[in-house]
Structure formats: structure tokens, C-alpha cells
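Note sheet for the following structure.
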Amino acid sequence: MKAFLTHQAVCENCEVNLPGFSNSSAMESTVDNEEDMYRDAEEIEREKVLLVCERGSTENKLSVAPEMDIVEYCQKEWRGNTPVAKLMKKGYEAVSQKFACIRRVRGDNYCALRATLFQALSQATEQPNWLHSEDLMLLPEKLLSKYDWIKDWQHRGKLGRKMREIGDEIKEYLGLLRKKWKSVSEMKTPMEKQGACNELFKNEEEEYCLYEAVKFLMLNTAIELYNDNKEGKNVPVFSWLLFARDTSSNPKQLMNNHLNHIGHTGGLEQVEMFLLAYALRHTIKVYRLYKYSTDEFITHYPNDPEEDWPVVTLITEDDRHYNIPVGMCEETAV
């Protein structure tokens, strides 16, 4: 059934897989059977407990854990000598030539958004032009006036709202994203930026509002690509795949069957990693450890980005859950 969408391969049936957390034993099952399953509620709760700040206060839960030596992390997670463990060790060893540490990301089905946004903010040197534009704040009203089905947008279980309320909420989320991005980008040192992101990503209310803003930007990007394709304009290949799925043949289905479920019952599928990259206008560079020694070990979303797009770097063991490599020589260009 499964063929991953990468710069080397395009899936034949467009059922592209998704991120989610798994431990070493689960990972071995994943690599052997390549099954597509999200993490269950019990596993998510265990992950939340693991990422509580060591000071012991449940009020200081961290969505992105403190830095840990990447070699030590690998030794802790992969102690066996199975083929999968050996592969992971080699993959981590290769990544350690570029990055000294790893930051573990909470795996509650927001992990792809969380890891990408954390990296984008923590290395931001300026507010992007698209985020600064006044048109951004008019976007919710503009889209709602053209597509009444957006009234079914779901945010953390909020249902039965009026269209005006939905538009106001999304506008608020976009404003918060703009405010936080501007604030972090104006900080002088990497340490200041990291400190600000640490605080932001343990403020659950603000953090999840930022994810809703990003999801709405993904929806807007999908609508633009869908309309461009219908008008005969050139669109990236991933756009064809995005709308070739039975569950997302148009933007309305994409919202109802995928975007509305991100963070709740599902994470991002691989084809949606491309959509995320286009929405934020960042290249997402991913070290895919289980693809070590193949051409797919390092994958870029997209693989033909604009030259001026910043790059964020992530690491995954299984294309489901994403962590953040940091330290040593962080990369800001492909």
C-alpha cells in the first residue's frame, strides 16, 4: 500500500503516511510492516508526563524538552542490536556530525507543526513579508465570504459557532502569530530567541492558537493551489497528489477530513508536510533515520524551494514523530 512521497519517489495511490510517536520496539514493527497508525490517547499522555519540566511543576510543562546530547539520546533509546537498532544508531551518528544535541518534541499529533514552528521562530531574524502584509488580517473574512463551508472549521472542540465568530477567532490567531514572530525576530541573540520560544511553547493556550493560525494558512495555500490548477496554471507536483486522494479531492474535503483532525485524532501526512512548507514559505529539511544509507535519508519539503526561503531542520525515526536537532552548526540554508 505504501510508497513515501519524497524527492525520489511519488506514491502511486497518494496515500501518504503521517507522523506520530513510537518507541524503539514500536519502531521495529513500523519498519517491518510499514503500518499507518496514529498514537493512542494513553501513549500521548505518557509523552506529556515525560516532557514535564524537571522542576516538578505541572504548570511548567514543556512542549519542547531541553537539549540532550544526541549520542546519549540514541544510546538511551536504541540499546539493542537488532537490524533496526543498528540502523538508527548509524543514522544518529551521521546526524551527530552536524548537530550536537536533540530536543524531544511532545507527540500529541501536533508534533510536525510544533517542531517546524519552534525552529522557524527560534532562528527568525526578521518578520516575513507575507506575515507583515495587511492582507493577512483580511484573509479570514475574504475566504469565509467565498466559501461558506469554512464555517465547519474546528478548533479544539469548539462547535456550533457563527461564521462571524469563526472569522474573528482566526483573525485573532493570525494576529498572535504575527506578534510573536515579530517579537522573537527582533531579539538580538540566539539565547534570547531560544528563551522566548521556551516560554511560548509551554503556554498551551497561546501555543495551540498558533497552530490554528498555521493550519488556516495551510488551508489558504491549498485553496490557491487548487484554483491555480483549475485555471491551468503551473502548480507543484505535491498539489496534484494532495487533491488526488479520495479524502481530499478539493479544499473542503481537505479541511473536513484532514486539517480539522490535526492535533486531535491525527497528525500531518507526508504530502501535507509540503503544504506546511509552502504555507510558511520555509524549506523543511528532515533527517529520516530509518532511510539511512539511501537517497531519502535527507528529504526536503519542497525539494525545489525558493532561494530566499529559510530552512528549518527536523529529525524523524519513522515519518510520524518529529524531534529537533540543535547545536554545533545549525543549518540555515540547504
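Glycine is treated like the rest: Cβ placed from N, Cα and C.
Annotations in TrEMBL come from automatic prediction, not curation.
Annotated by TrEMBL as region 'Linear diubiquitin binding', the relevant range among 34-40, 41-47, 251-257, 265-271 is 265-271. Over all protein chains present, the Cβ of Glu296 (site 'Linear diubiquitin binding') has 17 other Cβ atoms lying within 10 Å. Looking only at the region 'Linear diubiquitin binding' (265-271), the predicted model's pLDDT averages out at 90. Summary: among the active-site residues (Asp108, His321), the fewest other C-beta atoms within 10 A of the C-beta are counted at Asp108.
Taking Asp108, Cys111, His321 as the active-site residues under consideration, the smallest Cα distance to Glu296 (site 'Linear diubiquitin binding') is found for His321.
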